[in-house]
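This report concerns only the one structure given below.
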Amino acid sequence: MKITILYGSETGTAQDVAEQIWKSAKRKGLESSVSAMNDYHIENLDSEKVMLFVVATAGQGDPPNNMRQFWRLILRKNLPTTLLANSKYGILGLGDSSYQKFNFAAKKLNKRLMQLGAKELLPIGLADDQHDLGIDAVVDPWLEEMWTKVGNTFNLPTIDLISNQNNIIERFHISEINRNFMNNEYCLTHDIFMKEVFNNEAKVGTIIENTRTTAQDHFQDVRLIKFRSDNINYQPGDIVYVRPKNSPRQIERFFNILNENNVQLNPDMLIQVTKKEIKVPNVLKQILTLHQIVEQYWDLSFKPRRSTMQLLSFISENELEKEKLYEFTTASGQEELYNYINRPRRTILELLADFPHTTRKLNIMFPIKPRAFSIASSLRITKNEIHLLVAVVKYKTKLVEPRYGLCSNWLASLKEKDKIIFWVQKGTFKFEYDKPMIFIGPGTGVAPFRSAILDKCALNDNLSDCVLFFGCRNKEKDYHCKDDFEYLSLQKGLNLFCAFSRDQEHKIYVQHIIRNQKQLCWEFLNRNGNIYLAGTEPVRLSPGWEGTGRPDDELNFKGVTMDQADLELNPPKDRLNIVFCIMILHGIGVLMPWNMFITAKNYFVNYKLSEEYTGIQSNYATNFLAYLGFAAQVPNLLFNWLNVFMQFGGNLTTRIVWGIFIQVLIFVCTVILAMTDSSGWPGVFFWITMISVIILNTANGIYQNSVFGMVAKLPTKYTGAVILGSNISGTFTAIINFIAQYMAPNPRTAAIYYFITALFVLLACFDTYFALPINRFYRYREFLHQKGINKRQLENSTRDKHNTPPYWKIFKQCFPQCFNTFFVFFVTLSLFPSVQSDIVRSDPNFIVSSDYYSTIMCFLTFNVTALIGSSIASLVQWPSKRYLIIPVVLRVLYIPLFLLCNYKPNGISRVLPVYINNDWVYFLIAVTMGISSGYFSSLSMMYCPRMVDSQYMATAGMFGAASLITGIFTGILFSMVMPILVANISFELS
């Protein structure tokens, strides 16, 4: 069995790890291969048994260059989902958790392989460079688990079969060519990468200018480098890759180290590299001198890795050196390795000098990686030219010799007419010239914005809708491209603002000048402007970017805080559906008072107001539900509609808080009444209860309406969550009522436990409402809603319009869904609970006894099925907004169906014949009525806010809530007609 190891590497780390896996497989005697993903023959993919992927992440979650072709191929839609059904795979991602899209390429690859039918050999490993132990903290245990899985799954050896003495596994075969056998025309001075140019993979540029943009006495050397090449094509935001070379000083140092260690290698010796285990890179397939390889291929500034130490420990001829090098490879030696390599930025040359007793040094060298730079020019201004703004890297560590950046110092050394090999690649910036643009580019980060501004200037001479915020230390020291930007500002209208941090006693940074120009920025953003950020260090909108660092700090634009900016740049999701669950809870809360009182019919009618308890006969019990419905729904209806226009109590928070608080007080009073012996004053008890219901439902009307206004700011499914909660409320109260009746020793105790439950639910609603602003997702949706309001207010202020919502316009737009909501609840409340609760058992042997028939067949059945209907609506939305009215109106047929059941209201002599006298048929009708009620009510309430513009969604949500209550109220009124109908209408079915 063969193990295929593929890597996607940007800086070489993933390639190094992949090659270490390959070497480990070779030591175990396993057949294996390793290559970049782009070099893999994709036609072999479906025949692979085991594939291991080592994947780095580039840019904003992009796959590395040498993975992109492979990635495009496996993304093809015509690939069958069983393509890799016989394959097992493992993925090791190498990333940095300081970036938002941490290990994004590895995660995407993992998902795609699963879609193609491949099976995980082991869970994906996500290494983090930010860890104290670096990527090794994940790589080492992942590799150990991987080899264990391979051994157990395929019954293969997992111990090394090759001894340490023979542990050098060479990638290529390197040999010296006798010059006498070479063609005399062979040239020793050519650029080894010219083949890329001949194959149209790269181009050759000629340096035309290399200018220092910083003062000579400034510590930082920054260059504006210009080169020319024919037939080049790029857009602002694109990047250019260049191939640097080692400096003559480094090359001389390399050969000196060899000579000092008695390794006799002539720089002019001819080298031929042929395949041994790994495919030879194209550049090494030609015959080269050792000097050419050292100058142009090997990275002499390479920072040695742990694997380098391991290889050196194998080839060292000195026992002390071998022991020390091996120590660097152990887990306990990682801190010492970090202090030896990372802190001082020690290079491979210095490592070779410190450990001279090694042979076969060529095996530990790594190739120079091409370097990427943002293009700082525009083809519309300077045809066939590319400009680069390059900061030359030079700094000191604890080592005596300064550290030099390989590419930047090589570029700085180039002179006019020198050649440079390069190629252009699409960048991540996408500039939209038809929108206002805000550029934030401190230091050399201004390079891509110079390109965009020059390009836009060539298209449109007016740059008044562009703002550039630039920052540096001193105006006269490091103001890059000063003449260009000041000309564009004075002559073309560019809004230019500079922060020179060291030109005054107190430091001024880019964020400070942005704050000063917040009005201009806010104006640009309200015109759908874009913000572009770049810099030598990541410029992030986080609290650390501000002076005080508080999340509620006002950022650099009017009305936008640090927290809000971070939310908009990194839109959060509703993790664990916390907000969704809170909305379900509030849905339970908004119908809790109504459900509590109507479900407690037996407590009021058969206990507190009964002749057995009071000792007198009265009409209080007979008409209790009618009075209750009227007392509950009149204030609820009135204040729901008034709340739409008058918004009692100020903002939503005030209304919700006071609404819940008053309901809690009323339920406390209700519990006290349940504990009190009221047998001697039934009339007083009745009217106290009715007054309590009026106050309770007044507060509940405001609370209910405000909840729908709140949830209208969120995506559609959250409105469905409130409706779902409303239906759960009925189920919940029915179950609690049943348990209380069954478990309590008497009706009084049952009522106390029952009403105390409402207190706990309302207090939970109270607490969770105040927890909502803590949730990032909710804050984000609140911010988007407020942003829309602010934008409309800004537009209205410029047109001298008032800010009062256009109620009539909103109502007309959402009226179809308001009617649907109204009619669903009208039909439902015409039947539930007044009609359903008075339908009695037809079959004396039916599974549900008479004692619990009403509780189960009416309250429990309706509430459970309505809950199911609401749940379905959160998953499926059918029919569309336009056609929803058809099934809603057809539900009116439930009214005659229920009247034809065994409906026998108290004190009424029924003359209408009973045509549906089968309890199971009645149960089926009740189930479909409940499901359709929950489903269509949820659907209409979801659609209602979506009928209007986003800034009016909250008002439309309130109209929907008011229509809901109107439907409930009119349904209750119409339910009073039902006893009259069955008592006065009679007909025979022929």
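Numbering starts at 1 and runs along the chain as it is shown here.
Glycine residues also receive a Cβ, built from the backbone N, Cα and C atoms like all the rest.
Predicted, not measured: the structure shown is a model, and the values here were computed from it.
Per-residue pLDDT, averaged along the domain 'Flavodoxin-like' (3-147), amounts to 91 for this model. Annotation comment: TrEMBL describes 3-147 as domain 'Flavodoxin-like'.
Per TrEMBL, domain 'FAD-binding FR-type' is recorded for 200-432.
The list of residues near the transmembrane segment (578-604) in space but at least 6 beyond its ends in sequence, with Cβ under 8 angstroms from a Cβ of it, reads 621, 624-625, 628-629, 632, 636, 660, 663, 666-667, 674, 689, 693, 696-697, 700, 703-704, 707, 711, 714, 717-718, 721-730, 732-734, 737, 741, 747, 750-751, 754-755, 758, 761-762, 764-765, 768-769, 771-772, 775, 777-778, 833, 837, 859, 863, 968. Here TrEMBL flags 578-604 (among others) as transmembrane segment.
Residues or ranges marked as transmembrane segment in TrEMBL: 656-675 (among others).
With a threshold of 8 Å between CB atoms, the same-chain residues lying at least 6 positions outside the transmembrane segment (681-699) that come near it are 593-594, 597, 604, 608-609, 614, 616, 618, 620, 624, 627-628, 631-636, 638-639, 658-660, 662-663, 666-667, 669-670, 673. Taken from TrEMBL, the feature transmembrane segment covers 681-699 (among others).
For the transmembrane segment (720-740), the residues of the chain that approach it from at least six positions outside its boundaries are 580-581, 583-592, 595-596, 599-600, 707-708, 711, 750-751, 753-754, 757, 761, 852, 855-856, 859-860, 862-864, 866-867, 869-871, 873-874, 934, 937-938, 941-942, judged by C-beta separation under 8 angstroms. Residues or ranges marked as transmembrane segment by TrEMBL: 720-740 (among others).
Same-chain residues lying 6+ beyond the ends of the transmembrane segment (752-772) with a Cβ under 8 Å from its Cβ atoms: 579, 582, 585-586, 588-589, 592-593, 596, 600, 603, 653, 656-657, 660-661, 663-664, 667-668, 670-671, 674-675, 732, 736-737, 740, 744, 778. Under the heading transmembrane segment, TrEMBL lists 752-772 (among others).
Sequence annotations record features per position, and here TrEMBL assigns transmembrane segment to 814-832 (among others).
A Cβ distance under 8 Å defines the sequence-distant neighbours of the transmembrane segment (852-876), meaning residues of its chain 6+ beyond its ends; these are 595, 599, 717, 720-721, 723-724, 726-735, 737-738, 741, 832-833, 836-841, 846, 919, 922-923, 926-939, 942. Annotation source TrEMBL lists transmembrane segment at 852-876 (among others).
Residues of the same chain lying 6 or more positions beyond the ends of the transmembrane segment (883-900) and with a Cβ under 8 Å from any Cβ of it are 816-817, 819-820, 823-824, 827, 830-831, 835-836, 839, 912, 914-916, 925, 929, 932-933, 936, 939-940, 943, 978, 981-982. What TrEMBL records for 883-900 (among others) is transmembrane segment.
Positions annotated as transmembrane segment by TrEMBL: 920-944 (among others). Same-chain residues lying 6 or more positions outside the transmembrane segment (920-944) and placing a CB less than 8 Å from one of its CB atoms are 708, 716-717, 719-720, 722-724, 727, 814, 817-818, 820-821, 824-825, 827-828, 831-832, 836, 839, 842, 857-858, 861-874, 877, 881, 884, 887-888, 891, 894, 897-898, 901-902, 956-957, 959-961, 964.
The transmembrane segment annotation in TrEMBL covers 956-982 (among others).
Residue counts of the domain 'Flavodoxin-like' (3-147) by helix, strand and coil are 58 helix, 35 strand, 52 coil (DSSP-based).
Cβ atoms under 8 Å from those of the transmembrane segment (956-982) belong to residues 594, 626, 629-630, 633-634, 636-637, 640-641, 643-644, 701, 704-709, 711-712, 719, 810-811, 813-814, 817-819, 821-831, 834-835, 899, 903, 905, 908, 910-912, 937, 940-941, 944-945, 947-948 of the same chain, restricted to positions at least 6 beyond its ends.
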